[in-house]
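The structure under discussion appears below in the form of structure tokens.
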């Protein structure tokens with residue numbers, strides 16, 4: 001079934017009509033030319049990213065120039081698995097976020113995104129509600145949380161030599177992994193699409209089912225599929241984040257940024273400008289509030305939240321908060337919510 005799905009997706013992109021009309025502000029979609037411009041910006045700003053070419057001319061996408069068929073970054077660290085211990089109880093409360101007006105896809109897809117993580121409404125009370133029970137079944141007083149001063153310091157404890165294990169490299173199985181990330185352009189959805197190829201601590205490629213260990217919650221069943229990367233001849237299975245919801249989510253982020261920029265301009269005119277930090281760093285809170293990031297619902301985003309301008313240029317000279325050539329920087333911030341164990345910021349730290 002997965003192989004058939006992969007073939008269908010490949011044929012969709014191969015035979016879908018390519019639009020060269022920009023609808024970036026209206027739909028969150030981009031044209032091939034805008035994808036190249038955004039890729040050039042990403043490579044210029046963050047040199048860990050580079051352009052890649054197809055293995056053969058027959059595998060090239062005609063709507064993209066040779067040598068700029070896809071973007072790639074290698075050796076991205078991933079040091080922890082997304083098991084039940086990754087986020088404590090936070091990963092146990094999940095809900096499917098259906099398409100609303102802001103997230104309704106343009107291709108007729110009827111599946112939503114999974115919202116996972118975040119404390120439940122009763123979570124902060126759990127520690128205070130614990131009571132002791134005697135042999136007769138009578139409930140005692142509520143247990144009081146331990147004082148930090150009463151917790152013994154681990155450095156004061158002596159190691160028992162009998163339990164020290166030999167950590168010889170030949171017998172040790174490390175949890176460290178690295179990933180190669182690829183970004184291609186999908187003509188059918190008119191958005192970028194991310195592919196991931198993982199490697200174990202020994203440098204050997206990860207089996208496809210092992211890569212799914214680094215995908216958050218039910219995304220692995222609903223949003224992420226195993227597919228062949230269309231530019232490579234030797235059909236290597238990679239994990240791919242399906243782009244059916246990319247455009248509406250990106251449009252929501254762009255609209256929020258523009259609204260915040262407008263508010264900032266008004267404050268500048270009245271001499272009441274906020275001193276908050278400018279730049280992409282301010283995007284983190286907004287992603288945490290989106291349903292796709294696992295921290296909340298887009299409908300609950302405070303429309304008065306301030307997004308700062310992505311550049312440090314004079315605000316009065318800016319028409320929009322995020323330009324089309326900066327699209328992929330925001331896209332990667334958004335897509336990191338699907339694979340939080342993979343250190344995406346590592347690729348943008350140069």
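Every residue number used here counts from 1 along the chain in the order it is shown.
Every residue, even glycine, has its Cβ placed from backbone N, Cα and C.
Listed features, source Swiss-Prot:
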ACT_SITE  244  active site, glycyl thioester intermediate
COMPBIAS  102-113  compositional bias 'Basic and acidic residues'
COMPBIAS  146-161  compositional bias 'Acidic residues'
MOD_RES   262  N6-acetyllysine
MOD_RES   267  N6-acetyllysine
REGION    85-166  region 'Flexible region'
REGION    97-171  region 'Disordered'
REGION    248-326  region 'Handle region'
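Mapped onto this structure are the features recorded in Swiss-Prot.
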{"residue": "244", "record": "active site, glycyl thioester intermediate", "CB count, 10 Å": "21"}
{"residue": "262", "record": "N6-acetyllysine", "CB count, 10 Å": "11"}
{"residue": "267", "record": "N6-acetyllysine", "CB count, 10 Å": "14"}
Looking only at the region 'Flexible region' (85-166), report the model's average pLDDT.
51
Give me the Cα-Cα distance between residue 267 (N6-acetyllysine) and the residue listed as 'active site, glycyl thioester intermediate', rounded to a whole Å.
37
Calculate the distance in Å between the alpha carbons (Cα) of residue 262 (N6-acetyllysine) and residue 244 (active site, glycyl thioester intermediate), and round it to a whole number.
29
